[in-house]
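One structure is given here, and the rest of the page talks about it.
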Amino acid sequence: MPADVNLSQKPQVLGPEKQDGSCEASVSFEDVTVDFSREEWQQLDPAQRCLYRDVMLELYSHLFAVGYHIPNPEVIFRMLKEKEPRVEEAEVSHQRCQEREFGLEIPQKEISKKASFQKDMVGEFTRDGSWCSILEELRLDADRTKKDEQNQIQPMSHSAFFNKKTLNTESNCEYKDPGKMIRTRPHLASSQKQPQKCCLFTESLKLNLEVNGQNESNDTEQLDDVVGSGQLFSHSSSDACSKNIHTGETFCKGNQCRKVCGHKQSLKQHQIHTQKKPDGCSECGGSFTQKSHLFAQQRIHSVGNLHECGKCGKAFMPQLKLSVYLTDHTGDIPCICKECGKVFIQRSELLTHQKTHTRKKPYKCHDCGKAFFQMLSLFRHQRTHSREKLYECSECGKGFSQNSTLIIHQKIHTGERQYACSECGKAFTQKSTLSLHQRIHSGQKSYVCIECGQAFIQKAHLIVHQRSHTGEKPYQCHNCGKSFISKSQLDIHHRIHTGEKPYECSDCGKTFTQKSHLNIHQKIHTGERHHVCSECGKAFNQKSILSMHQRIHTGEKPYKCSECGKAFTSKSQFKEHQRIHTGEKPYVCTECGKAFNGRSNFHKHQITHTRERPFVCYKCGKAFVQKSELITHQRTHMGEKPYECLDCGKSFSKKPQLKVHQRIHTGERPYVCSECGKAFNNRSNFNKHQTTHTRDKSYKCSYSVKGFTKQ
């Protein structure tokens, strides 16, 4: 040990540069360290304290690496041992000389004085108020942060620091075979390059193990193997961990149940056999192995402190979460993902979500090009192409590619619906389906189309909608070649070819191809008409029909024919009209082969073959083919004449009668005879007139060419 070191003062660090005159002044450990008072130390959070600890250790390693032979400060000594940095006289006697710890050549007489040296050194640091406060705080902090780490792996008594970068820099210090700085950490990673073996480093660690009274035959043998491979790590006594240095694979096996885990963290969480449960709940007395489990339990007890949303009644624990959720009701949703259109209230959530798009997907499907994060996801996806269905339902024989889908399907047979909506009482077999359903009540639409701004509850609905902008129709019918934007539309279309109508009305037995059509039909029996026109008070069972009806009052006709310019209020009327120009008649009668361009005219014609008249007047018993004819007939019993002429005030029970009457005032005569040129204002008079030209006139006048039907 250098003779000029005064133990009664702060340890002055004299390096070899000072001895050979290459350095101008000495540097003390105090000159390069950061000092805190007790008040300042208490204001640091755990992350800042951890940073302080790492900086102190790194500074000390740099000083030692460039050749400064200094006494190891007490707090650094405790940090190197990875133990709680306490300062007690009982423990000081067990500490070893720091010079021998790092392999320095120390005379035998110096070793005999190591106990008094340590005592004097620690006393000096204890008298320093700031160091004393930090030591106590480090001890408390170590109790909290190192408890789980010590259970997982038991570090060696000392760690050695050799900074390869520092030692290789240009300086007057001469070091042979410099090693790499290695810290004894549980998460020590394997080196990419094989470092050179440092003889000084190896011998110092062997000597350090001997001085500390550890098992020489075991630890020294392990050290030879470690240093020979260029690595340093400590072995845990509680579990056997095998690590492949070159591949980085780690297999940890527990002692109790022999379960094999892929990572130490997984084994640590699995070791519930002998693990202590230090975290206890003050409310119910339950104990937990992890603090996160304790916090989750405490949230259950703090239900009384929840902040409830006044709009929808949803409750939140932190006030911040409630304020963020309230923006969903106000419509303030500024963060939209440009990749998939998903909406977020907070920008931080958007940034986290965007990582899913930028994340590497190495497993790619060769059939469709879709990529996945995991190989297992790719295997599941490939079953959709091969149509492989390994899991079959024992009840109905239906096959599925995944076991989870089979389990969900089997709930249909058992009738199990354990997830019920608190708003309407509707029950579901899956929790995810319930979550989607609850968005109907809350009005939450998280997926927005970036093209038109339309929002959707489910991502699948957004994907189907976006195809309307791109024109993509990936689902094609193999029978007729027609394409659709969604698989559900293709399945419904297939029923036209198969004639399948799986949805049957329980009241009248009528069947339908779609469930939505059945729901609309059932409103006829229940008389349910929720949608009422604000202008005339007429009620409808569908909102779409109400919207078309309101166009009568507004005069809006958005569908205009490009051929003749005629406009229509509904799209179905517009399509039917276009068939007049194209000559298309898709509805063909199977009885007589007659074709029609509209569905309504086709149904009217079919009744002529069946003679079916389902609409019967309850007053006189007269039956009609169409419901509109029955309504018109019933006006004769009630005396109702809703159609009034604005010119003369005359009223009529039928709208065609009003149109014929109005031609009297306008003088319009649209029906002209091609034989004689006579014109008429209604079709019935025109038809009667034409019989005068087509009738047989066998009785002729002998005086003229005029003929008569009767003699």
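Heads up, the Cβ atoms here are built off N, Cα and C, so glycines get one too.
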Swiss-Prot tags one of 26-48, 72-94, 279-301 as zinc finger - which one? 279-301
Matching range for Swiss-Prot feature annotation, zinc finger, among 119-141, 188-210, 671-693: 671-693
What DSSP reports for the zinc finger (503-525) is 11 helix, 4 strand, 8 coil
Best-contacting stretch, by C-beta pairs under 8 Å, relative to the zinc finger (615-637) and drawn from 335-357, 475-497, 559-581, 643-665: 643-665
Give the nonlocal contacts of the zinc finger (391-413) in its own chain as ranges (CB under 8 Å, at least six residues past its ends). 380, 383-384, 429-430
Calculate the per-residue pLDDT averaged over the zinc finger (391-413) and state the result as an integer. 83
Counting only residues 6 or more past its boundaries, what in the same chain has a CB within less than 8 Å of a CB in the zinc finger (643-665)? 632, 635-636, 681-682
Contact count check, CB pairs under 8 angstroms to the zinc finger (587-609), set 335-357, 475-497, 559-581; argmax is 559-581
Give the nonlocal contacts of the motif 'Nuclear localization signal' (359-362) in its own chain as ranges (CB under 8 Å, at least six residues past its ends). 371-373
